[in-house]
């Protein structure tokens, strides 16, 4: 019986302590056609077995190790008891300090776990039996080149390919069907060691996968694909370097294990220069390791018959073709072949599923295969689940690409449809559908462009390829008798198992040499984005027995050896047509050498044409051919895809170690490696030197040696382009939380700055308020109260004249220049007020002449028309004061009748300034009249509202508030009672014989007494002292001296009043006047003393508001009183 071998994520080469899982070999149905594995991302065998309810418990449950990863199987000692005595140098492991490059064939070790009683021992026909060492060897994964007499133990030494002893296979007659083809795991070189497990424990059968299709959203579980870390970070010291997977068993999808006997005999013949063993899919394939043959094999061993169970393919990761069957019916290998040439294995980053956005990138690396034909079934490219389709159904669909090939071959020229279609690399053989990734299969357009091509089962159909005229003639002239000989080396398909190379867009000149040998060394071209001006270069199929290209010169022995070495450097295709192969298909070694020479020369010509054309982008180019020799310089790699693969935390369980973009530029060796990363020793050493505790970005930036070599010699290894591409690649997406934190920090900083500015502004405001408060406390606020027309506004005018340098509008100005300018402007506006006073005075007198009892007559009756004129303009608004007005007013004022009416002014309401302005008619009527300060003081303007005047006396601030004295204006006074230092109550002493305007029955002096009493007794003003200004002393003296209006007539008490002894008359003042004024004073003092409580006082002063010197002297006397009141107000006195 046999075993089907595929890669397992937890059982890779180099991990010797993890044997294959128990219970992974269900019985399989009969095998009809082995082939490449179907690329898929479905659940692996271990995961399906874990979900099977009837399965027996396994003794290798996942055991988490120190790093948190799961390791399947019981731990075993990685060292073997059997060590090869011919070991040439010390075994190199992953955790070691040195790993030779892939050019040097690295030894690999094999492990021999016990098989138990499940697998039968190997049968070997012939006189000699199988040695005991091979009884425990798994026939399904038998290493080619393993000696029949002895099996190398764990840690055995395998020499490099230059010293390796060749071996050859002898095929018995085709009639003997007693042995299936031997399957050899596709391994790739490039690492320190390669582990090939030899047996599997028993596993319950009757397990069939329900879903064998493709799932794009699937990531294999850790049991199937667990990446490893360099330096034993994940599994200890025996973890392989990146890109070297472990070989694990794969479950078949059959119910039983019937044996299909296929004739196959293994004869290991010693030879000095045997050709290398070709392993299908060893180049440009992820999870591949090259299998090398140990030296000193015995050639006289009898044939060995090996049986194995049926092969049925479940699922495999896209781009991973690790279940290729091994054909024991390959042509014989001569004993004088060149040494083994081994290509490197690509990085592991291609394992698991590919994102849908990676279609073009995945096509660059080699078009993966679909499900292999199992039991005569071919996975249908039209179905997304990867289910199989019968070959008959495939035959019913003729492939247009295949027809184009036959037509092009007969005509000897390539057809446009064959050259421009994407199916040129998708044509399979043995009924195998073109391998496409799951994302490509889900695309109807791609499916239409890549139709399934099923060739004749015995014909070995070649991929769709335009052939050169020479080869077209060779193909067209080939006779049917020569066809069977070509079946031994089937045509390469577009799958990655045949070492697929990317389709390179080349110029027509390079396309002339596009036909290459279809040996396993020739690589089919996967699908790549088409460009309008370029044509794909698919791999063409050539007859291996043709010997040479027609017209090609003869080759010498050394050239043939070099060509054979280049040709055999590619993978060996075993068993692709094993059931249909015949002994006649074996080709001779010279034919192989010539074909290999053609392949190498064509590939180098393609590479030369590609570099010369410079039409395609280097980012989509791969090494031109897998036949790169050891002596060739390192091949520059295209830059890695920066955003193709998700990050570590986004790829599921299967990819937790390899990042999407590496922090260092990876340098390829001469091995043909994948896009994502090299698996050569140099790259392995670079990764190994990384410290596991630090991220890659930190390691790159902190390694000066690597940075120096990268900058100095980066161009030699393709580092400049890689670095440039990485620098141009889009950066990692910004973390929204980090952006939010930055925004919050920015807002916090702005808020702090705003708060700081607000605090500073608040401090300035507080300081200003403090200054204002201090000024407010140091300011003396004086409130002018009194009855109407008492002279309050005149007092304010005097303060402005005395302490504010004239009139400056309604308020004071500290700037003298501004005060003067404002004073001039205000004086100009006061002219109209003065004229209005003049008009009002003459009109009032003329009107009273007829209203008085007895009426007053004009002394000159000729002035009657003048009286009529004055009465006619009495109520005219906006009077413009024409010159005749002044003439009529002057003539009337000179009339004696008018003067007599003025003497009775106490009987009607006449303004106090009437006589003053009537005497100045000649001055006022002038056009350039400018009122004087006395004119402004005399001018009468009705005060309505509250007016504040600020002035300063000896650096002491005073605020004086003027209010209207009429009854309807007194309600506004309450607004000025707050924080008043003193109240200046102004009384018109001369108004004793006059009545108020509001009431013709109320005496003005009596009105003033009543108002003073109310203010003095007001509860809000009971703590505020009152300065009493007994105003209009000049008018009072005139009336008293005139004798026409006696005070005792209005105030009878005056008759009994005597002048007090402390009275101080003015110089030259009449005693009658002194007695009159002191009488009025005592009337107010009697009110204050009658209700006084000692908390406020009354300070009387005799004033004449129009006398500036009098007001200056009075105000200076009041300053001390005001300051004393201020100190008492704040309880400082």
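Glycine is no exception: its Cβ is also placed from the backbone N, Cα and C atoms.
What Swiss-Prot says about this one:
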COMPBIAS  31-48  compositional bias 'Low complexity'
COMPBIAS  347-362  compositional bias 'Basic and acidic residues'
COMPBIAS  391-404  compositional bias 'Low complexity'
COMPBIAS  459-471  compositional bias 'Low complexity'
COMPBIAS  482-498  compositional bias 'Low complexity'
COMPBIAS  515-525  compositional bias 'Low complexity'
COMPBIAS  535-552  compositional bias 'Low complexity'
COMPBIAS  633-643  compositional bias 'Pro residues'
COMPBIAS  732-744  compositional bias 'Basic and acidic residues'
COILED    737-761  coiled coil
REGION    781-794  region 'G1 motif'
BINDING   793, 943  Mg(2+) binding site
REGION    935-943  region 'G2 motif'
MOD_RES   940  ADP-ribosylarginine
MOD_RES   1091  phosphoserine
REGION    1103-1108  region 'G5 motif'
Residue with minimal Cβ packing [other Cβ atoms within 10 Å] among the recorded positions 793, 940, 943, 1091:
1091
Looking only at the region 'G5 motif' (1103-1108), what is the mean pLDDT?
93
Helix, strand and coil residues within the region 'G1 motif' (781-794) as assigned by DSSP:
3 helix, 6 strand, 5 coil
Round to a whole number and give the Cα-to-Cα distance in Å for the pair residue 943 (Mg(2+) binding site) and residue 1091 (phosphoserine).
31
In whole Å, note down how far the CA of residue 940 (ADP-ribosylarginine) lies from the CA of the residue listed as 'phosphoserine'.
35
